[in-house]
Amino acid sequence: MAKAKFERNKPHVNVGTIGHVDHGKTTLTAAIATVAAKTFGGEAKDYAAIDSAPEEKARGITINTSHIEYDTADRHYAHVDCPGHADYVKNMITGAAQMDGAILVVSATDGPMPQTREHILLSRQVGVPYIMVFMNKCDMVDDEELLELVEMEVRELLSDYDFPGDDTPIIKGSALEALNGKDGKYGEPAVIELLQTLDTYIPEPERDIDKPFLMPIEDVFSISGRGTVVTGRVESGIVKVGDEIEIVGIRDTQKTTCTGVEMFRKLLDEGRAGENCGVLLRGTKREDVQRGQVLAKPGSITPHTKFDAEVYVLSKEEGGRHTPFLNGYRPQFYFRTTDVTGAISLQEGTEMVMPGDNVEMSVELIHPIAMDKGLRFAIREGGRTVGAGVVANVKD
């Protein structure tokens, strides 16, 4: 049989299931795959295939995740589901599976539980922009008032973490009934409603190429008679010959102009998101630029030394530290292409951080780095990774 050609004609959106253990995330993931395949075509993965999440490495950290894909009438979705709570924490902090929106699964029989809260907090910290809710196991609750109570609790919890709790879509259903092909209101119709809500509630994500130009600098060369060339992979946007650009981070921000773009020794008119290229800078001296800075569209990103972060500390089994660290700990923070030393302050009431924990902290770097909320980094000690983090807030 001929292999189906992957068609890129629908917008691509990344989503995932979050929520407390045993509330039905994996069953719902399997039900979505099954119902989507039945309704909109495509191939369904069964529960066992999703549950046996393969290991993958992200920034040197082992994470178990399942990836499935499905289509609706208007979109193509990539959906991530994690088996264990620790996998969620690692996944969200490292950004291994970036989510344009999340489906929070809450069991109607339990209501919100500790990990429900923690996953909402994590979503807020790492910048998941939209959360919608699937209230699962509704077939096991006879009392309509109980369902309303759970819904109210979920809305309040979302509002506590600055999500629009009152306006969040909440779909009531039973993932198991839907998976078994039942067509009562909690079965397949509930999952079809969920798919329609995904299409309407999560806006189409902005593509990297449409964002402002940004290129982390990896290397700097001087070419006699032509000037200084910096190389790197364009992270977002487009740079054209003649564009004004800024060099941001580590030192004072400098303005310069792109006088040439080259790729594989060929001269081009522009460099685009995803491409590795060299950018020729007008009037910039070799010693004025260094690895760890970024080239950016003027005014689009600013340098900061202080920020708040959500951090996952590797366990010793993952090659991390064997001992906890305390307030004032000074490791290296690896942003994009370079290490910068920084000092950490833990939140009041937190004395120390154990390997394997995730924690909120404030950091002060010795040099400013071009950063925005959502930027990922690694924490290193003597060249080995001991933690992974994400900028939750920039200060100054």
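Using N, Cα and C of the backbone, Cβ positions are placed for all residues, glycine too.
For 10-206, the entry in Swiss-Prot reads domain 'tr-type G'. Summarising the annotation, Swiss-Prot assigns region 'G1' to 19-26 and lists similarity to another entry as the type of evidence. Among the features that Swiss-Prot reports, GTP binding site is placed at 19-26, 81-85, 136-139. The annotation Mg(2+) binding site is assigned in Swiss-Prot to Thr26 on the grounds of sequence analysis. Among the features that Swiss-Prot reports, region 'G2' is placed at 60-64. Residues or ranges marked as region 'G3' by Swiss-Prot: 81-84. Per Swiss-Prot, the feature region 'G4' maps to 136-139.
Just so you know, the Cβ of Cys82 (GTP binding site) picks up 24 other Cβ atoms within 10 Å once every protein chain is counted. Across 19-26, 60-64, 81-84, stretch 19-26 shows the highest tally of CB pairs under 8 A with the region 'G4' (136-139).
Listed in sequence order, the residues of the same chain lying 6 or more apart from Thr26 (Mg(2+) binding site) and placing their CB within less than 8 Å of its CB are Thr17, Tyr47, Ile50, Asp51, Ser66, Asp81, Pro83. According to its DSSP assignment, Asp22 (GTP binding site) is coil. Sorting the region 'G3' (81-84) by DSSP state (H, G, I as helix; E, B as strand; all else coil) yields 0 helix, 1 strand, 3 coil. Within the set of binding-site residues (Lys25, His85), the lowest number of other Cβ atoms found within 10 Å of a Cβ is recorded at His85. The C-beta environment of Gly19 (GTP binding site), restricted to residues of the same chain at least 6 apart in sequence and closer than 8 Å, consists of Lys25, Leu104, Val105, Val106, Gln115, Thr116, His119.
Applying an 8 A CB threshold to same-chain residues 6+ apart, the list for Asp22 (GTP binding site) reads Ser107. According to DSSP, Cys138 (GTP binding site) is assigned to a helical segment. Over all protein chains present, the Cβ of Cys138 (GTP binding site) has 23 other Cβ atoms lying within 10 Å.
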